[in-house]
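Q: This is the structure I want to talk about, given as structure tokens.
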Amino acid sequence: MPELPEVETVRRTLNDLITGKQIEHVTVRLPRIIQRPDDIQAFAHMLAGHSVETVERRGKFLRFVFDGLVMVSHLRMEGRYGVYREGEPLDKHTHVIFHFTDGTELRYTDVRQFGTMHLFQPGEDLLLKPLNKLGQEPLDADFTLERFKQIVSKRSTKIKPLLLNQEYIVGIGNIYVDESLHRAGIHPEEAANSLSEDHLARLHHAIVATLTEAVNAGGSSVKSYVNGQGESGNYQDQHRIYGRKDQPCATCGTLIEKSVVGGRGTHYCPSCQPVPVQIR
Ligand SMILES: [Zn+2]
């Protein structure tokens, strides 16, 4: 599933490609993608005539801001947006097409069909599902060490599932939580409230640094992720731990292990990330 760096990369590409374009009409080929309003004809009718002002991101969601409407979209497993010229061959998994007045189209393609689109009046979107319960943005200036401690240090849950919980901090998924914990030298099953001051500071830094580097590399292309122009990211080449089971840890040479934490496949170095005392 695309995480913050991948969604941010898609956002930047789309923002460059479609800002200022006006929708002439919308074709919905797979109604289940449209979650709000209930009626796909109403969805298409509402969007017609509106222009794209900007494309924003909240957590792992894209926010398409039109003049007078906001569309919130989640790519889930394998959703993709791409801009095409009218008449270019259509992929059979293209489910929604936004036809612009200049003869180009924004197409949404999704082999797994899990992606979603919600349409709102401006302002409404932040108060209602799916955005209303989202937590702290980790790349915003207000994600300070103090803020991080407020979120983490009173909770007794394991640190990995806590970091994956979008109600606390948004955008970190399985790849970047494994990368950040390895970088900070913290075992994924450590209880959040037992982390030392030093570990909290290291983890805060690791999250920001890892996500920033990944955004700068255009995200990680694992599975089918591409940006809005069909280009792959290359942060997967810089992964220190994710997807590297049985390979030597770049820091210490110990073989990387994989286990299951909170139901998720989890990579860690048994030497750099020692098992915490409370679960030994
Ligand atoms: Zn190591």
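Glycine is treated like the rest: Cβ placed from N, Cα and C.
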Q: Report the candidate from H93, H182, H187 that shares the DNA site with R112, R155, as recorded in TrEMBL.
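A: My reading of TrEMBL gives H93 as the candidate in that site.
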Q: Starting from the Cβ of R264 (active site, proton donor), draw a 10 Å sphere and report how many other Cβ atoms land inside it.
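A: For R264 (active site, proton donor), the count of other Cβ atoms within 10 Å is 15.
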Q: Among the recorded positions K60, R155, whose Cβ has the fewest other Cβ atoms within 10 Å?
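A: Per-residue Cβ counts within 10 Å for the recorded positions K60, R155 bottom out at R155.
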Q: Measuring C-alpha to C-alpha, could you say which of the recorded positions K60, R155, R264 are within 10 Å of E3 (active site, proton donor)?
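A: Correct set: K60.
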Q: Return the member of P2, K60, R264 nearest to R112 (DNA binding site) in space, with distance defined Cα to Cα and candidates limited to these active-site residues.
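A: Nearest candidate: P2.
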